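According to TrEMBL, the protein has these features:
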{"type": "TRANSMEM", "residues": "78-97", "note": "transmembrane segment"}
{"type": "DOMAIN", "residues": "112-321", "note": "domain 'TLC'"}
{"type": "TRANSMEM", "residues": "118-142", "note": "transmembrane segment"}
{"type": "TRANSMEM", "residues": "162-180", "note": "transmembrane segment"}
{"type": "TRANSMEM", "residues": "192-209", "note": "transmembrane segment"}
{"type": "TRANSMEM", "residues": "247-269", "note": "transmembrane segment"}
{"type": "TRANSMEM", "residues": "289-311", "note": "transmembrane segment"}
Amino acid sequence: MAFRRRTKSYPLFSQEFVIHNHADIGFCLVLCVLIGLMFEVTAKTAFLFILPQYNVSVPTADGETVHYHYGPKDLVTILFYIFMTIILHAVVQEYILDKISKRLHLSKVKHSKFNESGQLVVFHLSSVIWCFYVVVTEGYLTNPRSLWEDYPHVYLPFQVKFFYLCQLAYWLHALPELYFQKVRKEEIPRQLQYICLYLVHIAGAYLLNLSRLGLILLLLQYSTEFLFHMARLFYFADENNEKLFSAWAAVFGVTRLSILTLAVLAIGFGLARMENQAFDPEKGNFNTLLCRLCVLLLVCAAQAWLMWRFIHSQLRHWREYWNEQSSKRRVPAAPRLPARLIKRECGYHENGVVKAENGTSPRTKKLKSP
């Protein structure tokens with residue numbers, strides 16, 4: 001891991017060298033871009049990596065405001081923030097998670113899941129706070145009709161576009177991190193599933209100009225995922241602590257229902273009543289019946305799949321719990337052994353006391369005086 005003192009050296013640019021120094025390599029690349037800001041010749045190129053592109057001045061009642069739309073140059077900005085995310089990932093792993101996991105003494109399987117949940121707790125918490133700030137300041141919560149009114153939402157405020165670029169950068173960085181973190185082969189398919197789901201939904205909302213609806217759905221989804229990974233961290237610290245799992249189970253179903261309701265309300269009813277329903281990619285208009293059906297099908301299929309996995313896992317946990325309880329009831333109590341009797345000539349001993357044959361204590365013999 002990056003920023004760690006090592007006693008073992010690896011051949012330059014070998015596989016192990018890249019794995020153990022990938023964050024340091026990313027830091028050097030980021031530093032080169034930042035140094036480029038200092039010179040007039042390279043400053044314009046450096047700004048291409050750091051700042052969102054395609055800014056447009058939009059006239060308003062108070063004057064003019066700067067908005068942004070998407071384009072191919074966004075890929076360069078996303079690439080820069082992928083390296084930034086790799087560096088932050090290494091910092092969280094090195095200075096927070098590794099120190100906590102050493103005290104817990106976890107197994108290899110639990111250690112891998114602990115690192116995964118630890119990284120996602122930090123990401124989901126920061127994303128929930130950031131996303132909530134954006135939807136409140138832009139007025140999307142107080143005016144739900146703004147989710148579909150004035151579609152297509154081609155021109156985005158700076159904070160909305162920057163939020164989407166950082167979200168895409170994070171989930172794209174998660175793909176090479178599977179290699180850098182040496183994730184077990186059994187865990188890779190599961191992690192690839194939710195990484196690809198996030199990429200498809202976030203990129204779809206960004207490219208189809210459904211950014212306002214995407215912000216609300218991400219806020220709901222990230223809040224639920226934050227609760228789940230917090231529950232896993234508390235469970236790894238104390239296996240008897242499962243209260244947060246019960247809270248997450250209650251919130252999970254409500255979140256699925258809320259996401260489906262908002263998607264159907266905004267896409268199925270709101271956009272369907274808009275007058276402009278022509279397919280025009282140059283103007284960013286994808287409000288056609290086929291596009292709406294495809295988006296709704298994708299959202300409904302994803303929520304149904306998540307709900308099916310949730311029900312399947314809950315049934316498995318309940319089955320394991322009841323099997324464990326029934327196995328405890330079937331174990332018979334160990335019979336108590338009677339006190340051992342030791343025969344003697346004049347009787348027997350019972351619990352350290354000499355007893356005669358009839359159950360009375362034998363009389364002590366009188367000693368004759370000489």
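Note: Cβ is positioned from N, Cα and C throughout, glycine not excepted.
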### Message
Give the nonlocal contacts of the transmembrane segment (162-180) in its own chain as ranges (CB under 8 Å, at least six residues past its ends).
### Response
19, 22, 52, 74, 77-79, 81-82, 84-86, 89, 123, 127, 130-131, 134, 156, 188, 191-192, 195, 198-199, 202-203, 205-206, 211, 214-215, 218
### Same-chain residues near the transmembrane segment (247-269), Cβ under 8 Å, at least 6 residues beyond its ends
147-148, 210, 213, 216-217, 220-221, 223-224, 227-228, 231, 292, 295-296, 299-300, 303, 306-307, 310, 314
